[in-house]
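A short write-up of the structure that comes next.
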Amino acid sequence: NSSSVKEFILLGLSENQGVQKIYFAVFLLFYMLTVAGNLLIVLTVTSSQNLNSPMYFFLCHLSFVDVCYSSVTAPKMISGFLVENNTISFAGCIGQLFGLHFFGCTEIFILTVMAYDRYVAICRPLHYPTLMSRRLCGRMVGGSWVGGFLHSILQALPTALLPFCGPNRVAHYFCDVHPLLGLACADTRATGLAVVVNSGMISLSCFLILIVSYVVILVSLRGQTPAGWHKALSTCGSHITVVILFFGPCTFVYIRPSSDLSEDRNVAVFYTLVAPMLNPLIYTLRNREVKGAMRKLFRR
């Protein structure tokens, strides 16, 4: 690696000292809620005999991914609010970039798998047990992890091989491809295009798959009774909410060329911290079975 830069300075969300202290308190609370809420779901699902359907198997993995995903960026960002210069080593920076894309992409794939699960449950209820076998569910989750890994290698490797010789101030609160491309002492147009194609296309195509799956579900409900509609929409409603919260900002950041990074920073807070924090709330508040299992867990 011809890089002479040994470390980067993360500029964070704000230069204002007073604002930083407020951010510290707010984001520390967010992060603690994210970890506690998601681990509670993992514990609830793994310890309950009733929550053994594929939906909860996927939810358990989603919650685990959320803990890992927010842990890649949040602790560094939160501690950065308390120091003058929030520095990160070159290896740490590339590691953060890798982790962010690994867990983020795995989450995208798991959300897509969950949509397929809902589609089969609602549109082909009689075939559901055979179509969504334990083996297939395991393979789908395994495929999500492998897909996330391959995607992040394709993001981290080209970025790590770029020469960095000049400014080392990253205009973001974590190391991502766009902010780093701006600091490389080489022509990064090809790498930049590859990033948009890779990240942008994954988030956009999965988002479209999700939208189509929900349209199909809604069309298939035409002849249903109001009770059937209500049941289907209550199971899908929480998933749609999570999808919009996560994919909206994600697609916005990666689908367009990187010009204005200050917007990206604010939008990124949504998919790195807010969405992972809200997931457990969204899934538990709308779900009687999970609430019941949690009560049992607390009694124990």
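Glycine is treated like the rest: Cβ placed from N, Cα and C.
Per TrEMBL, domain 'G-protein coupled receptors family 1 profile' is recorded for 37-283. Taken from TrEMBL, the feature transmembrane segment applies to 22-43, 55-74, 94-116, 136-154, 201-221, 233-255, 267-285.
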Spatial neighbours of the transmembrane segment (55-74) far in sequence, C-beta under 8 Å, 6+ residues away: 27, 30-31, 34-35, 37-39, 41-42, 45-46, 96, 99-100, 103-104, 106-107, 110-111, 113-114, 117-118, 121, 137, 140-141, 144, 173-174, 235, 272-273, 276-277, 279-280, 283, 289-290
Remote residues contacting the transmembrane segment (94-116) - C-beta distance under 8 A, at least 6 residues beyond either end: 55, 58-59, 61-62, 65-66, 68-69, 72-73, 76, 88, 140-141, 143-145, 147-149, 151-153, 155-156, 159-160, 174-177, 180, 199, 202-203, 206, 209-210, 213-214, 239, 242-243, 246-247, 250, 271-272
